[in-house]
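What Swiss-Prot says about this protein:
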- His17, Leu19, Gly44, Glu65, Asp90, Asn112: S-adenosyl-L-methionine binding site (BINDING)
Amino acid sequence: MESQLFNAPAKKAFGQHFLVDRYYIDRIIHAITPQPNDHIVEIGPGQGAITLPLLKCCGSLTAIELDRDLIAPLTAAATPLGKLDIIHRDVLTVDLSILAKPGNKKLRLVGNLPYNISSPILFHVLQQAAIIADMHFMLQKEVVDRMAAPPGSKVYGRLSVMLQAWCEVTTMFVVPPDAFQPPPKVNSAITRLVPRDPTTIRIADTKRFSDIVRAAFGQRRKTLRNSLADICTPAHFEHAGIRTNARAEQLEVTEFIALANAKDT
C-alpha cells in the first residue's frame, strides 16, 4: 500500500528515492519507538513519510533538507501535527551541537540517507556521537552489511571498525526496492546505531586510531607489517600483542584500539 503526500519528482542529483510503502513506514516508526518530547533530527525528510508520523508522536522535530522544492509542501503537511523546523542545508555542513541545547535530551537521529553520500554522512555524525542518543538510518543493504560485519568477513573494513568502535550497530530489517518511488536498483536496510559510553571507548588519540584503520584497510591484502610500516614500529605491535604478519580483516575492533594506544618504547 502506497502513501504519498505530495507530487514532488525525485531528483537524481540528490540521490532521492522516496519511501511510499505504508507497511515499511509503520515498521520503521515501530523500530524508532518515538516518545513525547524526544529531540529528533531527521536527515532528508523527503515527502514526509517518516517525518509526519514522528511529528505526531513527538510534537516537534528538526529536519535537514537540501532540496528547496520539498520545503514548502512538507511545511504545509506538518503544520496541523506539530512544530517542524527545517534546516535548508547540506547535512555535511551542519554542526549538530547547535541543536543540542544545554540541559536537553540527547539527539535522536533518523533518516533515509542518500546512497551516494551515505558513508560521508555516517563519518560526519560519528564525530558528534557524544550528543547523540541513537540513530536509525535506512541505507543501501550492502552498506549496512559492511557496518555490522564481524572480523574475518569479506565486507569487514574501515567503515565496520570505525562505527563499531564508537557505536553498537544492529541491523534491523531489509526494505525491498518496490517500497520506494522511484525504486532503487538494490535492497535497502534499516540499521540502529547506539553510541557507546565515552568512558568505555578508551582511544587515546582518535586521529592516530583513524589513520591506522585507514592505512590497514587501504592495503588490506598486505600484512600489517607492510601496510602500517609508516605508522607503527615493531614495538607498537609487541606492546599491543598483535602479530605483524596479520592482515587488517583479522583484527578485532579492540585490537585496532590497542595498536593505536601502544607505546613505541
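Note: Cβ is positioned from N, Cα and C throughout, glycine not excepted.
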*Determine the C-alpha span of the S-adenosyl-L-methionine site listed in the record, that is the greatest distance between any two of His17, Leu19, Gly44, Glu65, Asp90, Asn112, in Å to the nearest whole number.*
20
*CB within-chain contacts under 8 A for Asn112 (S-adenosyl-L-methionine binding site), separation at least 6*: His17, Leu19, Gly44, Gly46, Ile50, Phe137, Met138
